[in-house]
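Below is one structure, written out as structure tokens; comments come after it.
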Amino acid sequence: MAQISKLVACLLMVCSAFAACTNPAKRRAWHTLSKAEKLEYINAELCLMKKPARLGLPAAKTRFDELQAIHQLQAYATHFVGAFLPFHRMMMYAHESALRNECNYTGYQPYWYEQQDAGNFRNSVLFDATYGFGGNGVGANGCIATGPFANYTNSLGPGYDNTQHCINRAISDQTSTGSRQANVDACLRLTTFETAWPCIEGQPHTGGHGGVGGQMLNGVSSPGDPLFYLHHTWLDKVFWDWQAKDRATRTTTIGGTNVGPDYSPGFPPRPSNIPKPTGAAGDPGTTTTLGHVLNMYGNSPNRTIGDVLDIQGGFLCYEYVEP
Ligand SMILES: *[C@@H]1O[C@H](CO)[C@@H](O)[C@H](O)[C@H]1NC(C)=O
Ligand SMILES: *[C@@H]1O[C@H](CO)[C@@H](O)[C@H](O)[C@H]1NC(C)=O
Ligand SMILES: *[C@@H]1O[C@H](CO)[C@@H](O)[C@H](O)[C@H]1NC(C)=O
Ligand SMILES: [Cu+2]
């Protein structure tokens, strides 16, 4: 009887736990997209930047801002903790879903194949003014002056401050060397989550944020630059490449502290109205578990880390196409 009702539930498409991922979405490297595909992605992002906010989160004016707010509001609870990689995976999925469901984007979330540009971000095709995200910051404020996002007014950031400002950048080729293949390989060689996660969060993660600079270098408000999603989707690929080396174990176990630091150098200080991290919903103690709740602030249903550890696990169903 129970079997039959499960089958009926599956036929009604409400059995995510049983749904097989038979046709995974293909996430591709930005530089391999056609010009038309790049423009479709850019136009969908511009659409999110025009769609009015609907979640009531502080200072957010648009749907693009709301995704940034989800990151800003829990920055200290989602960095330097075991949830870092699963949380950002969930954010990439939320962004991809918003583009597709709200802005008619027909592709999937692309990634920036950063090792190809490491040490030479300045000349990356990502910064193209027509088929990319615009160039470096200029002038005293470092505002980007070219490309489709040149005139976007960010309402969130910098950091925990909420002011009206431009998307700013300060490309550093030197810092971008952190995204090099050797740094990726060094993390992929590690055999425990407790060592691989901090490795990925250190370098290559910092290479992309610091290599772009400006808004992207702000650990709290970095999703104010649309490049954030290309960078973190690449990191998600690095995480998946690591998981795939021992898929059975690495999609079913997690660890690391769930108590973020009170303050981290390079992060804006946590203001007093943001609670000091002391643990997380779904974790019984101070260690990150599969039951850990990823808080999406009403943008989409909360999910647990266990739900997102396998990118072809039913809830998520995508794969990374090598460049
Ligand atoms: C998406 O497509 C639907 C159906 O064609 C249309 O009604 C809607 O306006 C489109 N939305 C956007 C944001 O373009
Ligand atoms: C941004 O504003 C400037 C000055 O008004 C204008 O020349 C430029 O075309 C605008 N760019 C975009 C992408 O809207
Ligand atoms: C999502 O998780 C947060 C943190 O546990 C919780 O406060 C919030 O109520 C949850 N939201 C929903 C819609 O369940
Ligand atoms: Cu982040």
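Quick reminder: no glycine exception, Cβ is built from N, Cα and C everywhere.
The shown structure was predicted, so the numbers you read here are calculated from the model rather than taken from an experiment.
Beyond the ends of the domain 'Tyrosinase copper-binding' (79-96), by six or more residues, the same chain brings 67, 70-71, 108-109, 193-194, 197, 200-201, 219, 223, 229, 232-233, 235-236, 239, 254-261, 264, 267, 277, 280, 287-288, 292, 294, 296, 299-300, 303, 305, 308-309, 311, 316 to within a C-beta distance below 8 angstroms of the stretch. Feature annotation from TrEMBL assigns domain 'Tyrosinase copper-binding' to 79-96 (among others).
Assigned with DSSP, the residues of the domain 'Tyrosinase copper-binding' (225-236) fall into helix, strand and coil as follows: 10 helix, 0 strand, 2 coil. Positions annotated as domain 'Tyrosinase copper-binding' by TrEMBL: 225-236 (among others).
Taken from TrEMBL, the feature region 'Disordered' covers 252-283. Within its own chain, the region 'Disordered' (252-283) has Cβ neighbours under 8 Å at 73, 75-83, 86, 158-160, 192-194, 197-198, 218-220, 289-293, 295, 304-306, 309, counting only residues six or more beyond its boundaries.
According to TrEMBL, the feature signal peptide maps to 1-19.
Beyond the ends of the domain 'Tyrosinase copper-binding' (225-236), by six or more residues, the same chain brings 27, 30, 45, 64, 85, 88-89, 91-92, 95, 109-114, 126, 133, 149, 167, 169, 200, 204-205, 208-209, 212, 214-216, 311 to within a C-beta distance below 8 angstroms of the stretch.
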